[in-house]
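A.B. asks: Below is a structure I'd like to ask you about.
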Amino acid sequence: MIGRLRGVLLEKQPPEVLIEVSGIGYEVQLPMSSFYALPDAGQEAIIYTHFVVREDAQLLYGFADKHERAMFRELIKVNGVGPKLALAILSGMSANQFVQCIHNDAVTTLVKLPGVGKKTAERLVVEMKDRLKNWTGADLLTPASDKMVFENEFTNSAASGNAKDEAISALVSLGYKPVLAEKAIQQVYVEGMDCEALIRSSLKSML
């Protein structure tokens with residue numbers, strides 16, 4: 001089981017990164033919250049991972065801390081929720097926000113997430129309510145040194161047409177339809193916004 005990677009980021013293309021550890025490049029898919037907590041390509045990063053082995057592939061999913069990874073693991077226990085949908089959910093809201101939705105039976109909010117229909121939202125509430133009853137939001141002992149490496153210290157650059165395209169591509173990869181993704185980006189775009197801000201604002205506007 002690969003549970004943690006520390007190395008140099010070679011590439012960043014939302015929602016995936018390529019990180020080199022001891023000469024080996026690992027492709028890792030992350031929720032947007034974790035993706036944009038990473039530094040720029042060429043810098044060192046630490047990623048907590050969940051390793052999935054399938055008949056046709058071996059996949060790594062990455063997270064900023066153990067808390068977010070723990071929520072991902074709870075999500076994929078739900079019938080009908082796979083890793084891709086779990087990433088989309090954690091991209092649309094934080095783990096703590098999701099817990100509040102479950103506790104409040106907020107089906108109308110959950111169905112606004114990509115790939116989550118009414119039946120899936122209801123199933124999430126039914127299957128997870130008891131399991132998340134004592135969810136504290138604790139960081140599950142993520143070492144402080146790891147957090148420091150994971151913190152994003154880069155300066156945001158001004159948004160361009162490429163930033164818009166990248167943001168739309170990221171939303172589509174999360175499960176949003178291209179037309180809806182483009183519309184959401186156009187609605188929130190303000191001159192000077194970078195790709196990260198575009199994605200964050202568009203996701204928030206669709207909830």
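Cβ coordinates come from backbone N, Cα and C, glycine included.
Quick caveat, the model's predicted, so the values are computed rather than measured.
As listed in Swiss-Prot for this protein:
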- 1-64: region 'Domain I' (REGION)
- 65-143: region 'Domain II' (REGION)
- 144-158: region 'Flexible linker' (REGION)
- 159-207: region 'Domain III' (REGION)
A.B. asks: What are the helix, strand and coil residue counts for the region 'Domain III' (159-207) according to DSSP?
C.D. replies: 35 helix, 0 strand, 14 coil
A.B. asks: For a three-state summary based on DSSP, what are the helix, strand and coil counts in the region 'Domain II' (65-143)?
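C.D. replies: Secondary-structure composition of the region 'Domain II' (65-143): 44 helix, 0 strand, 35 coil.
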A.B. asks: If you run through the region 'Domain I' (1-64) with DSSP, how many residues end up as helix, strand and coil?
C.D. replies: 4 helix, 38 strand, 22 coil
